[in-house]
Structure formats: structure tokens, C-alpha cells
Amino acid sequence: MSTATTVAPAGIPATPGPVNPPPPEVSNPSKPGRKTNQLQYMQNVVVKTLWKHQFAWPFYQPVDAIKLNLPDYHKIIKNPMDMGTIKKRLENNYYWSASECMQDFNTMFTNCYIYNKPTDDIVLMAQALEKIFLQKVAQMPQEEVELLPPAPKGKGRKPAAGAQSAGTQQVAAVSSVSPATPFQSVPPTVSQTPVIAATPVPTITANVTSVPVPPAAAPPPPATPIVPVVPPTPPVVKKKGVKRKADTTTPTTSAITASRSESPPPLSDPKQAKVVARRESGGRPIKPPKKDLEDGEVPQHAGKKGKLSEHLRYCDSILREMLSKKHAAYAWPFYKPVDAEALELHDYHDIIKHPMDLSTVKRKMDGREYPDAQGFAADVRLMFSNCYKYNPPDHEVVAMARKLQDVFEMRFAKMPDEPVEAPALPAPAAPMVSKGAESSRSSEESSSDSGSSDSEEERATRLAELQEQLKAVHEQLAALSQAPVNKPKKKKEKKEKEKKKKDKEKEKEKHKVKAEEEKKAKVAPPAKQAQQKKAPAKKANSTTTAGRQLKKGGKQASASYDSEEEEEGLPMSYDEKRQLSLDINRLPGEKLGRVVHIIQSREPSLRDSNPDEIEIDFETLKPTTLRELERYVKSCLQKKQRKPFSASGKKQAAKSKEELAQEKKKELEKRLQDVSGQLSSSKKPARKEKPGSAPSGGPSRLSSSSSSESGSSSSSGSSSDSSDSE
């Protein structure tokens, strides 16, 4: 009996209906395809890379359910897919756009995850392949452009089939994939991601040939799944309850968002639907859909670009950065609206009344629906707030949201404070202030809803720092706008000193010196105020941003953030890192707290470390962190160099007029004696004609540092001394 039972399954192919369905079509004359730059990239880069991978062999051909003795495979997997089919479709120009091809890849991986157990070797192999797939897709050209000639070329090339071996086919079946429907089940995926590194490959590869028949061989992955596969329907129901964990199963990227997924095609049975959600979250990182969205909207955006205000243009650049591949590892869950139905998050819309995502923000930005920067910031913060509200604080998607919000807040805080045009001056202040209010409101919501007190405290401190930065910017603006006035005068005075030797110009020089001293007397009060304002600015936690904004404002505000963006991404050389280390050691103790804050806010791995005992390894820090530190340290050291001047100025201002006059008299008397001695030897007649003019060289030399009151004393002193020397 037992033997008969064994034989029965082997004969299954011939008996009931478990015959392999026809493989997916690879060409369709009625459905015209085309060749685009993105499809060419998929064929020449993505498929070629994956095909050569050591884990690719199970996916070379459609799953042969009869050979592998998987009677229920086609009951569970409604849309089989494999890499060999995708390759042939690309060669035959079957696809109209790259998104269709990517959908087939997603289907293939999804089928594997649906049919097999999360711990099976084949699942780990699929995850490793999917990771590479997503990395390659992220580098695909952003705009899809049709290429004219290559259409006929594809049909002649079908050597791909020859490359596959019988053993390969068998295993392929096990991992074969179903149509593009992502799923939410498979919570264990999270733990799987690390496992990807494990290489069951050699074992499987070695036994490939034996895989089909004996379940005991290394290929048990396929065989094992078979058993669980039959009873999976009940487990599926159980998994449904774990609605939020669906996101936690992102095979390739360590990102999970219960709430972010593209709506998948309708599903026929609950099991498939469930897996779909999971797969979707795994597929979310794929950038192409995002690019498609951008491509479709670019023309409209480009046409209206000029109408965006200075601030909204900056906001648009922030949005573009958040959508860039630089942040894709943790931003992908927020690319599209949450598909609660596909992810089986039945209570999502009961809890979240105002869903928000980056594609919606982009659509509103392109449609000019934001009146100002604060409207844009409110939507972005609403998106993060929703995430904190719905997911538990220790959920991975919350950690991803925090990372992305750090990027957003840091860039938003650097918004140019004031546009170049004078009329627009008041505008920047308003958005910045309202931004603070907005962030405080969103932080309050998220704290009450999600209960993640740590993130709220961080946000509150960041808010306080941003407000202090704002004050510092305004104060330094006022201070620095006055400071440059003195520079041209010093240059003039130097020139005058060189000309003092000429008798004819002496009289003119004397008048100029007096005129300048009078001007200085007028400029002195604002200069004092500027110095006083500098003091509170130093107390502010962060002056780095302020200093940078002021410098850039002097050039072109409109282009400032572009150059800054490029600069931030530049990696540091060894010499630059060494110099930065030396500069940090030169900072006073009170400035080091800000250095630690910059590092902790930008480096998640150091966020929980003790600020008093933090160790900085410059090799492990990101280029953006190093550049931010460099800017901050430079601004601190520049201020340090300026301090002696302002300090001496304050001391002089504090002295009484009488003391100043007396000191100047003494200095002038000494210098005038020397000067008069030198002049008497070379230019006696001139001194006789104008006794008061000769000594003017002395006072003029000091005029740059003396206050206006010393002008009169110097002139009177010079006349009396010159008469004595005669």
C-alpha cells in the first residue's frame, strides 16, 4: 500500500488534472511592445547580473510542479513567473515599459515567498537576488525614452534556453513566482534578511540533480515547503491578525512600513492577498514606479517652475532629495499612499483620518497647491505623525520615519532666512516661525498618539535649537551688516600714511583724517550695538547654520542650496579629516556640546551613546556629518579670531573720555618728537610754513584705532609739540 501511495504521486502528471499549465507567453503579436532605454537597461544590466548570480539557478525556468512533485503548486500560485521568461520577453520586445518588466520580477519573488516557508533555503536565495535587483533598479535611467532600431533584433536571440540544465529546471520550479501581487504575510522575513548571507547554495547546488525526487536530499527546501503548502490555508488566517507586522518582512531592504505599499492587482484567494501585502512592502524600495510618476509629471512641473516662490523652490529641492536614491533605504515606505486593503490593515483608516505620503506631497507641489513653505512642512510632518500614531514605537518603520524626518528637519532648518530682494525680507521670518509652531504641533500629536516619548523629546530640543538659530541669524545679520563699513576706511588710511611725506598733500591729508574721524564717530554707536548683539548670538546653541546662511546670502540666495547640497555630499580626504580633528581640539569646552549634538543627530548609531564619553571615529562618519562639523568648527574659529578686536573696542569704549584723551596725548607726544626730528632733517622749509601740519603723520597713524574724541587732542598736541621742537 505504501508503495502504491508513493507511486501515485509520481504518476500524478498523467492521472488527474495536475498537468503543468502552459508557460507564460514570451511574445504576443497582437500586443505591440517596444524598446526603451529603461528596458535595455533591464536586459543588459539587471537580467545579466542576476543570471550570473550563484543563487539564480532555481529561477532559470518555469516551475515543473509534476517533476518536483508539487501537486498544489498551481492551485496556490496563479501566475507563475521565472527569469527565463522575463529574459525572453525582453529579447522579443514584449514589454511596453520597464514597469511591466519589474512587475514580472516582483511576481517571481512574491511567488517564491508565498509558496515556500520563510526559513527555506530557496526563500533566502530569492531574498539575496531581490536585494541585488533593487540595487540595480535604483541606478536605472530616470526618464524612459523609446529607442527606435532594436525592435527586430530581439526575436533572433533565444539562446538563453540552452544555458539551463535539467537540475536547474527542477529547483526553479520550487522558487517560481506568481504574478505581481505583493503580500503581507511572512512576518518572519525580518529575521530572514540577515540570513541571506548564509550560503546554503553549495549544498543545494551540489544536490541539484537529486532535488526533484528525494525530499531528504539537500533540496528539501522545495520538498519541505510542499508539505506545509497543502495546509497553509488555516495558517494564513492566523497570520492575518498580525496586520502591522506585514511590513516587517521586507526581504531586501531593512525597511518596513505597515502603511506604505502600492496597491496590488486584485487577488483571487485570501492567501494570495495576504502574501501580496508582504511582498508589496518588500517591493516598495523599487524606485522605478517613483520615476514613472515623476516622468509623467515632469512636463507640467517644468512649465510652471518659474511661479514657485523662493521658499517653495527650496522645499521642492528638499522633496526631491527625500525621493532620491540616497535615502531610498528608509524612505521607500513613504513613497506611495498606504494601501490598507492590500496590507489588510482594516483599522488603518479608523485611526488615521488624514493619510499623507510623498507622492501626494509631490503632486500638490507640482500643482502649486502649497501657498507657502509652512503648508508643505505641515503635510510632511503629518505623514511622519501618522506613522508614529499607527505603528508601535519599537516598529522598524518608526525608526525609518525618524531617519527620514531627521533629513527633512535638517534641510528645512537651512532654508535661506531672507531672499536677496529687499521687499521679500519679512517673508522668510514668517515661514521659519510657523515652521517651529508646525513642528511643535506635529510632535505633540505624535507623542500623544504613539507614546514614543523619546522621539518627542528629541523633536522638542530640535525645535528649541532651531528657534535659537533663527534669533542668532537675525542678530548676526545686524552685526555683520555694520562691520564691513570700517574696512574701506582702513585701506584709505594706509594709503594716506604713505603719502604723508609729500609737503603739498599734508594739508589735504589732515583734513581727510579729521573727516574720517568724524565719520567714525557717527559709525561708532552702531558698531558698539553690533558687538553687543554678537554676545547673545554666541550663547545660542548653534551658529553654524546662521554663519553659512549669511555668507551665502551675500552671493546668490537662489543658488545657495544647490551648491550646499553638492558640498554636503563630497567625501572628505584624509588631510581634511586630520585638519578637522585638529580644529575640533582647538575649540573651547563650551562649543564641544554642539559638536556632539551634530554627530548624534546625523549618526543613528551614536544617538544613544553618552555625550560625555563619546568617541569620534572620523572614518565611520558620513560625509554630510563631516561637512557639517567642518562648517561649524570654521564658524567658531573665525569668531575666535575676531574676538580680540571687539574686546579691545569694548575696553576702549568703557574708558572715560578724559582717560582716553590723556593716553592719546602721551602717545602722541612721544611719537611726534620722533617724527618731527625726522622731518626737520629732510623738509625744514615746509615745517616752518605750516608748523601744525608736520606732526599730523603721528596722529594719522593712530587715527584708525583712536576714537573721535582723540582727534581734537591730537591736533592740539601736535601744534604745541612742534613749536617746542623748533
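Cβ from N, Cα, C; glycine included.
Keep in mind it's a predicted model, so treat the numbers as computed, not measured.
Residues annotated as region 'Disordered' in Swiss-Prot: 1-35 (among others).
Feature annotation from Swiss-Prot assigns N-acetylserine to Ser2.
Look at Swiss-Prot and you will find 15-26 tagged as compositional bias 'Pro residues'.
Across the domain 'Bromo 1' (34-140), DSSP classifies residues as 68 helix, 2 strand, 37 coil. The domain 'Bromo 1' feature in Swiss-Prot is assigned to 34-140.
Residues or ranges marked as region 'Disordered' by Swiss-Prot: 149-169 (among others).
Among the features that Swiss-Prot reports, region 'Disordered' is placed at 237-305 (among others).
Taken from Swiss-Prot, the feature compositional bias 'Low complexity' applies to 248-261 (among others).
Among the features that Swiss-Prot reports, phosphoserine is placed at Ser263 (among others), with the record citing a large-scale study or a structure entry.
According to Swiss-Prot, the phosphoserine annotation covers Ser281 (among others), on the basis of a large-scale study or a structure entry.
If you look up Swiss-Prot, you'll see 306-415 marked as domain 'Bromo 2'.
Annotation source Swiss-Prot lists SUMO2 cross-link at Lys414. The DSSP secondary structure for Lys414 (SUMO2 cross-link) is coil.
According to Swiss-Prot, the region 'Disordered' annotation covers 421-462 (among others).
Sequence annotations record features per position, and here Swiss-Prot assigns coiled coil to 453-524 (among others).
Annotated region 'Disordered' per Swiss-Prot: 477-575 (among others), in sequence order.
Annotation source Swiss-Prot lists compositional bias 'Basic residues' at 487-503.
Positions annotated as compositional bias 'Basic and acidic residues' by Swiss-Prot: 504-521 (among others).
Confidence for the domain 'Bromo 2' (306-415), expressed as mean pLDDT, is 91. Per DSSP, the domain 'NET' (562-644) is made up of 63 helix, 0 strand, 20 coil.
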